[in-house]
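Feature annotation from Swiss-Prot assigns disulfide bond to 48-85, 70-113. The N-linked glycosylation site annotation in Swiss-Prot covers 28, 45, 62, 84, 96, 102. The signal peptide feature in Swiss-Prot is assigned to 1-24; the stated evidence is sequence analysis.
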């Protein structure tokens with residue numbers, strides 16, 4: 001019995017370490033998938049890339065990544081629900097970004113940009129984030 005009580009703290013620490021490791025791996029895999037999808041989308045030269053979207057990536061410096069990703073998912077949803085544009089890729093991008101974002105956020109941007117510019121800037125943000133991990 002004494003050995004069991006001695007093993008419990010060690011097992012708890014081991015469990016905590018492995019869950020942190022798995023979470024880190026999932027995060028890196030999500031970032032890779034987002035960047036891959038953005039590479040595919042930004043390589044396209046169809047008319048959808050010229051659509052005007054809210055420039056939510058031009059947020060103040062003190063805006064958290066989770067808030068920026070939440071706003072980006074809002075823009076993506078508006079595109080694929082109102083336009084028949086690369087829906088499969090935009091939905092996948094939305095799903096992956098949502099896993100890294102706040103659940104709710106407000107989007108009231110006045111500035112606009114093209115979808116292509118939006119996706120290019122989002123790709124740069126994600127590549128920078130990936131290089132830090």
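In case you wondered, yes, glycine gets a Cβ from its N, Cα and C as well.
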Whole-Å Cα distance, residue 85 (disulfide bond) to residue 45 (N-linked glycosylation site), is 12
Closest by Cα to residue 70 (disulfide bond), out of the recorded positions 28, 45, 48, 84, 96, is 96
Taking only the CA atoms, the spacing between residue 48 (disulfide bond) and residue 113 (disulfide bond), expressed in whole angstrom, is 13
When the glycosylation sites 28, 102 are compared by other Cβ atoms within 10 Å, fewest goes to 28
Residue 62 (N-linked glycosylation site), Cβ-centred 10 Å count of other Cβ atoms over all protein chains shown, is 6
The answer, for which of the glycosylation sites 45, 96 has its Cβ ringed by the most other Cβ atoms inside 10 Å, is 96
Check: min Cα-Cα distance from residue 28 (N-linked glycosylation site) over recorded positions 45, 62, 113 goes to 62
Integer Å value for the Cα distance linking residue 84 (N-linked glycosylation site) with residue 45 (N-linked glycosylation site) is 15
